[in-house]
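Heads up, the thing below is written out as structure tokens.
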Amino acid sequence: MLGITVFTTFLAYASSCGAPIFQPNLSARVVGGEDAIPHSWPWQISLQYLRDNTWRHTCGGTLITPNHVLTAAHCISNTLTYRVALGKNNLEVEDEAGSLYVGVDTIFVHEKWNSFLVRNDIALIKLAETVELSDTIQVACLPEEGSLLPQDYPCFVTGWGRLYTNGPIAAELQQGLQPVVDYATCSQRDWWGTTVKETMVCAGGDGVISACNGDSGGPLNCQAENGNWDVRGIVSFGSGLSCNTFKKPTVFTRVSAYIDWINQKLQL
């Protein structure tokens, strides 16, 4: 009965997901790019850990229900205490209007997460309390299970990652256009080759626009035909050479490959 209740609740707000009050600027970039319009990606969260009595940004994530956040498995350490910052634009402003800080109840890391091969890089965070949705805090939509996007489909990566290779973490949320690179292309030898699996999705690779350190766990935002935004990917890895290497697009965990796993964890 509990599972039915949770799933029914999920369907109730899913109909209004992925619809920001403040519309995003759809021509911005991440690396070497521009600030996002404040609160135009209201499902974007900052995952923060406590060290020396200070909360520090470590990864991004996506609010998918008022109680749950999607992020990357590689963002999670059993030795750290976490909180989730919601409704944020500027991480340097602690009491930013419209923002909220929530503790963590449970973290579900995928049972088959492989840190060496970077497989199944997905985790679901259950928040310690239910978040009240607002103009600055909204949920993203989940894509249809198994669905794929075509080559060059326009998507946007968002995060507070480094503005450029070895540069500083961004204070204000960044965004950038990263078109999808299909599996047939991304798995070619001079791209990512066999490193990329069908449970992943690639985007970018033009040598200019890229996710960077600190963006990990954050969403690949793709607009559906109905105008709402789906979280199609979770930032997983990129080139070790630099943040924006030609033919080395950002690699994301493909969310549509894990819908069944996500739904199972939502019921726990």
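Glycine is treated like the rest: Cβ placed from N, Cα and C.
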Which one, Cys75, Cys141, Cys155, Cys186, is listed by Swiss-Prot as the other cysteine in the disulfide with Cys222?
Cys155
Between Cys186, Cys243, which residue forms the disulfide that Swiss-Prot gives for Cys202?
Cys186
Could you pull the disulfide partner of Cys75 out of Cys17, Cys59, going by Swiss-Prot?
Cys59
Using C-alpha atoms only, work out the spacing between Cys141 (disulfide bond) and His74 (active site, charge relay system) and round it to an integer in Å.
23
Return one of helix, strand or coil for Cys17 (disulfide bond), based on DSSP.
coil
For Cys75 (disulfide bond), the number of other Cβ atoms found within 10 Å of its own Cβ:
25
Given the recorded positions Asn25, Cys59, His74, Cys75, Cys222, tell me which ones have a C-alpha lying within 10 Å of the C-alpha of Ser216 (active site, charge relay system).
Cys59, His74, Cys75
10 Å Cβ neighbour count around Cys155 (disulfide bond)?
24
Tell me whether His74 (active site, charge relay system) sits in a helix, a strand or coil according to DSSP.
helix
